[in-house]
Structure formats: C-alpha cells, structure tokens
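Worksheet: the structure to be examined is printed underneath.
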Amino acid sequence: MAPSVMEPVAAFDVPTKAAPNLVAPEPEHCPGPESEQAGKGDACAGCPNQAICASAPKGPDPDIPIITERLSQIRHKILVLSGKGGVGKSTFSSLLAHAFASNPESTVGLCDTDICGPSIPKMMGVESETIHVSNAGWSPVWVTDNLSVMSIQFMLPNRDDAIIWRGPKKNGMIKQFLKDVDWGDLDYLIVDTPPGTSDEHLSVNSLLKESGVDGAVIVTTPQEVSLLDVRKEIDFCRKAGIRILGLVENMRGFVCPGCSNTSEIFRATTGGGKRLAKKMGIPFLGSVPLDPRVGMACDYGESFVDNFPDSPASKAIKQVVRSVGEMLGEDPNTVLPPDENDMVE
C-alpha cells in the first residue's frame, strides 16, 4: 500500500525533537533555541526566552546517522534555491535533472521539498504515479531508466488537495524523503526547495550537512526586485554554512520560437545576475534565455533539452550543467559530453 498524507502509515510517525515553546520572537543574534549555546551565550542575556532555551533538549538529531548512511551511495547532493517565487526555480530544477540524465552514464534523483507547492511531478510527466513501499524503504518514481523523482504529490488522494501543514510536520516529511526513500546509487541528487529562507531550508541543511551536501545553485532573474531577495538568500547560505556553487540568471532574453533570435524582455536594470555574482564574490554559472517551449514541455511532462536540443535555452542549460559539474570537481565534458548542438551562439 502506498503512503498517503490523508491516511498516514506507520512510516509517517517521524520522531522529531520537541522545539521549545518560546514566549517572544528570537532576537537577531540568537544562537538558536536548539543550539548548544541556547540560553547560555552572551546574546541570551536579558532575553525573555533565556530560561526556556536553557532547559530545552540539546544535541544532534538521532536520525542524522541513519540519513547519512542512507545517502552514502549518492556522490553529489545539490540544493536549488531562490530568494523569490516565480523566477523559474522548479522549472530550472527539472531542466537540470533532465540535462544531467541526458548522459546515459549518470544516474540522477530529483527530490521535491516544496511541500505546499509540489510541481515537480507534473513537470516530469509522472503526476499520476504513486509510491511503493518495500523492506528497503520507499521507492522513488522513475521517469527514465536513470532519472527518479520523489514528491509529496505522489501521496495525495486528489492532485488538487492543499497541504496545510505547520513547520514541524513539513520538516518531518522532508526527513522521511531523506531517511526512508531508497534512492540507491546516484551520481547526483538535486533537491528542489521552496522560495525564500524557511523551515524547509533549515531542515534540509541540518539533515544533509553530515552526509556532505555539495552546495547550492541559486536561481534569479535579471530584475532588481529578484536580485534584492537573492542577496538575502546568499546571506542565508553563508550563515548556514552552505557552499554556494554559483548563481544562474534565468529568463535573460526571449527566444523567438519562429526564428530563434533572442531579444531582451526583463532588462537588467542594475546589472543583472552576472554583476551581482561578481559583487558578492560567488561563481556565475550562466544565463538561460526564456523559451516558450520550456513551459510547453513542462506542461506535457517532457524533456525540453531532449526535444529542442538546438534551442539557445537548451545550449545554455547544458553549459550550466557543465559549470556545476566543474564546481563539483568533475570534468565538465565527462559530466555532459558535448555534441554539435552545444555551442552557444
């Protein structure tokens, strides 16, 4: 029987540490209510929560060793982040997964941790699938022979059902994706996250840190309103100890489906992603133009990279994949062998 969010099986009884019930918001320099210094540090002096934090349970999550063992067969773990919704982060995650998997020598997993807005199954063409449970754990849904997906969407009795959960329950679900899913031997695990810096990001980072998360790819668009939030995302990564693999500028230019020429729609009013990456001291992985056929491919659950290899967007995505591979210490041309379509015009 497949697990369901409406009729949870035993696997949903996720053991989580009880968070302290704070009487006031955490101050700016708070070490964290679950940290070893909670209630003891200099920043705690005078805080209304000091006594509560000092008496709260401390120590590492007991499930982290289990997660580390489960993910030990995965060579590279990549987070995909964005500061703002609507920049194409989930679309980019699906394109990244398809591009990595276009190399038949690579095995790729895509984990959808956007609990309240799971769109990955639709984009990958497996929306109607369900999860199977065996002695080895939950089996991810296989899109192709070398590309698998896990999402809460597979557990919904009806695809339009809303997920209305508070932070601890969402964190418990993410923990199950990492602890109970039988990913097997993977070359790459791509973790698509919700926008912003929320509970899900903290949960994924804390659970993956011991198992060696390689880093994060941050997605933005050229406009300053997106870059404003990306600066916060970069600051979050640095404070959380997440290595930034690089910044990707999405929707930079529009590809005409008739003539394949590229024109600017969302102009970079303050220099765009490339200038921001240079200013913030992080790698710039490349710009991906907006091609209407990307949306069409996602709606039909097909691989845009495979269906439209001559599109400037496909060529740009492949270059980003090679850049990510290089940041991971791999040979870019081994990660994705070049072909005659890959020269970006």
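Keep in mind that glycine also has a Cβ here, set from the backbone N, Cα and C atoms.
Copied over from Swiss-Prot:
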{"type": "BINDING", "residues": "CYS30, CYS44, CYS47, CYS53", "note": "[4Fe-4S] cluster 1 binding site"}
{"type": "BINDING", "residues": "GLY83, LYS84, GLY85, GLY86, VAL87, GLY88, LYS89, SER90", "note": "ATP binding site"}
{"type": "BINDING", "residues": "CYS256, CYS259", "note": "[4Fe-4S] cluster 2 binding site"}
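Distribution of Swiss-Prot features across the structure.
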residue : record                          : CB count, 10 Å
CYS44   : [4Fe-4S] cluster 1 binding site : 19
CYS47   : [4Fe-4S] cluster 1 binding site : 19
CYS53   : [4Fe-4S] cluster 1 binding site : 24
GLY83   : ATP binding site                : 23
GLY85   : ATP binding site                : 15
GLY86   : ATP binding site                : 10
VAL87   : ATP binding site                : 23
GLY88   : ATP binding site                : 22
CYS256  : [4Fe-4S] cluster 2 binding site : 11
CYS259  : [4Fe-4S] cluster 2 binding site : 7
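The secondary structure of CYS47 ([4Fe-4S] cluster 1 binding site), as reduced to three states from DSSP, is coil rather than helix or strand. Of all the binding-site residues listed here (LYS84, LYS89), it is LYS84 whose C-beta has the fewest other C-beta atoms within 10 angstroms. Of all the binding-site residues in the record (CYS30, CYS44, CYS47, CYS256), the one with the smallest CA separation from SER90 (ATP binding site) is CYS256. All protein chains considered, the CB of CYS30 ([4Fe-4S] cluster 1 binding site) has 18 other CB atoms within 10 Å.
DSSP assigns LYS89 (ATP binding site) to a helix. Listed in chain order, the extra residues whose Cβ falls within 8 Å of the Cβ center of the ATP site residues GLY83, LYS84, GLY85, GLY86, VAL87, GLY88, LYS89, SER90 are SER82, PRO195, VAL219, THR221, SER226. In the three-state DSSP classification, CYS53 ([4Fe-4S] cluster 1 binding site) falls within a helix.
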